[in-house]
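This report concerns only the one structure given below.
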């Protein structure tokens, strides 16, 4: 993989001219299987603009395909290994908004709300929105990722390789506002912090990025700017993103990826001067849709329970909080309080929640006790606590995750177990045996909860029953 990236990077470095993009096939329109999912609700009201969020793996997702669950879990394990590798031994501290956060100018009382969709249609285990780009604006299905910084999408002419995506590939020459970013620009200098890879420069002074991921997926191309459209009348000029010329890996049929981490190049930071450094989402199930909202009024704080947003100096772009307890049937699992003094990431891109080995072992013991009437079944991939029962009829003990400050997530059965094969259902948690000792709150446990990320005030909030 390293050699491949190096060869492609070198190829782009020595192009004689800046990217000479050409028009290509406009592709087919996004297919839908229900009128509800066909409507992408970019709307503006007193609380801002809301964008529909979809789960990539869902029966009505226009990006749906027959991706086996075991492949999704294997991909998930590779992502967790990548997150583990980004961390080393250190301590975590509460972010001080007055010292660590960039000051935000006075904002208009509005936010943007984007439809968030299940990702089954895109053949990934995550969630996507339709993002508008260029002049005139065209819409592209983009995976949403709180663990990534740089937003990128595939671009014509795909000088090396583009994976199959739903709908047309973005054509820079068709946009009247497209501009390449020069090598001397601050955004080019900041690429290494955003992607953990150094930037490079073409012979015509165009900045080259490379974004690589723990599952061997990658995108390489030109750093660019254009008009970002998040609603009928909500545009951001000069949005900086990657225009991918070599893109391969487990992106399914998505056009690219939207980064929402705490980094200057993330979409959140770039729109924060207009809307505020706040966003919220409700991750939908396969049979529903959710919403991604960005902006100062993206959520009603009276509906949420909050926990401090923490910063880990090992990777300040990720979102951390403090897990303080897990309960099963109303009783805390048998874990000493000091075992919870570990970094806990909340991540939209990880599917299955990971717990340090000692915490997971205690959860497993308590959960198995509460499932005594069911026969056990063999392990399935990373899931080793399985039972012979269908998820439609299985009765699971109540499980809650408790965080510092009193916030909690009272999980429903669909957040606790997953049917891996017909008649076999497993606990949807796994141990993280890596030396980093990190816990990761995955998206399966977050589904149907409203989750608010208030970066300005350094807090994360949870509210049940968020998706409609």
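Quick reminder: no glycine exception, Cβ is built from N, Cα and C everywhere.
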May I ask you to indicate which of 45-66, 67-88, 89-110 is given in TrEMBL as region 'Disordered'?
89-110
Listed in sequence order, residues with CB under 8 A of residue 347 (active site) and six or more positions away:
83, 146, 147, 318, 319, 440, 441, 442, 443
Taking only same-chain residues 6+ apart in sequence, whose CB is under 8 Å from that of residue 145 (active site), what do you get?
126, 257, 258, 259, 260, 261, 348, 349
